[in-house]
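Participant: Take this structure first; my questions come after.
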Amino acid sequence: MKQKTLPYRVYTVPILILAAIGIAASAYLALSHYRNYTDIGYSSFCAISKSINCDTVSQSPWSILLGLPVALWGVLGYTIFFLLALPAQVNTQERRNLWDLLFLIALLFSLIDLFFGYITAVKIESYCIVCFLTYVVSFALLFLTWIVRRRFNSHSLLTGVQKGLGFLLHQKSILGLLVLLVLAFGTLRIFIPTYWNYHYPQLSGNITTGITEEGHPWIGAEDPKLVIKEFTDYQCFQCSKAHFFLRLLVDKYPDKIRLVHYHYPMDEKFNTVLVKEPFHTGSGMLALLTIAAARQDKFWEANDALYGVIQHGITAFNIQEFAEKLHLDTEQLKKDMYSESALKQVESDIRTGLKNNILGTPSFIVNGKVYTGRFPNEIIEIINEE
């Protein structure tokens with residue numbers, strides 16, 4: 001007895017639903033990416049651990065493709081797929097040809113997801129739950145479009161793609177929507193601000209800098225109403241973000257806020273009490289580098305530049321190029337960097353952090369209170385009350 005094929009819509013409607021899920025998931029990832037860089041206190045629901053963390057993926061330089069967040073490309077791709085799948089819901093021969101084209105698009109999605117899956121596992125070494133959902137969607141679309149082709153189309157893939165494109169060229173409404181979508185996306189590509197690149201305020205004569213009696217560099221008010229002590233690590237994205245917002249605050253309230261820097265590298269070679277396994281290896285050396293730069297009165301320039309370098313995921317670091325960029329004496333920089341006094345300063349900062357029960361970065365001490373992993377939201381209120 002010949003097995004009956006299920007009704008056409010049983011196969012096609014789930015494809016529409018999956019494409020809609022892909023759009024929603026990509027939109028969430030795009031919003032999460034934006035908030036990761038612009039919201040000082042943001043943490044996504046899937047920032048669960050070091051190995052399962054959507055935020056780590058968003059903060060990676062791999063999250064940007066051709067000048068836009070990868071998630072926005074996902075929104076575009078799944079939306080195009082959804083728009084093409086809509087007319088294919090009607091069971092006519094010419095519309096069924098669209099499934100060959102949709103199968104090809106789903107295959108492209110799957111190959112792209114295989115690439116980003118590799119990047120996530122090997123380069124970023126952290127997994128994103130919502131990203132994984134989009135991978136499942138892509139492979140499910142590939143499987144279901146293959147099933148539809150097998151059940152309802154008998155011609156070759158190439159023939160079906162040609163006929164599908166021919167059908168689209170005669171559908172002015174669908175073609176118009178696709179053109180508008182691509183144009184809108186192109187406009188977005190031109191005008192969207194690169195919020196993922198932090199541009200620190202330029203140091204000027206209006207902003208005072210100095211060294212505390214204990215030897216810590218500070219920036220801001222000479223007679224401050226509020227002192228913020230930051231404990232940061234140069235390989236910590238959240239430290240970079242927090243420091244960026246603090247620098248903006250100092251620039252806005254130069255006569256009220258003083259920001260004091262403490263080195264707190266989460267480097268197993270330096271912070272041996274807290275860090276038992278390799279983690280942010282090299283951040284201790286970067287701390288020594290800024291201490292050496294401070295001896296040439298360029299601490300804040302070096303500090304801001306380092307965060308900019310690390311933000312773009314550059315792992316190979318050239319001290320000479322760095323020194324030339326900041327107009328530093330390279331030989332003196334290297335000499336001071338490897339001096340015993342520089343090492344003692346880092347060790348002293350780490351001891352200060354441990355005494356204050358600081359277990360991670362970024363951490364801040366404001367009015368004697370320790371804030372770990374977050375920026376004190378009430379800081380503006382404190383400033384206005386002073």
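Note that Cβ sites are derived from N, Cα and C of the backbone, with glycine treated the same way.
So TrEMBL lists the following for this protein:
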DOMAIN    8-149  domain 'Vitamin K epoxide reductase'
TRANSMEM  12-31  transmembrane segment
TRANSMEM  64-86  transmembrane segment
TRANSMEM  98-118  transmembrane segment
TRANSMEM  124-148  transmembrane segment
TRANSMEM  174-196  transmembrane segment
Participant: Do you know the DSSP helix, strand and coil residue counts for the domain 'Vitamin K epoxide reductase' (8-149)?
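Facilitator: Across the domain 'Vitamin K epoxide reductase' (8-149), DSSP assigns the residues as follows: 110 helix, 8 strand, 24 coil.
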Participant: Counting only CB pairs under 8 A, let me know which of 64-86, 98-118, 124-148, 174-196 has the most with the transmembrane segment (12-31).
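Facilitator: Against the transmembrane segment (12-31), the leading stretch is 64-86.
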Participant: Mind checking which residues reach the transmembrane segment (124-148)? Cβ under 8 Å, same chain, six or more beyond either end.
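Facilitator: For the transmembrane segment (124-148), the list is 11-12, 14-15, 18-19, 21-22, 25-26, 28-29, 32, 46, 48, 50-54, 56-58, 60, 62, 74, 78, 81, 96, 99, 102-103, 106-107, 109-110, 112-113, 116-117.
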Participant: In this predicted model, what is the average pLDDT of the domain 'Vitamin K epoxide reductase' (8-149)?
Facilitator: 91
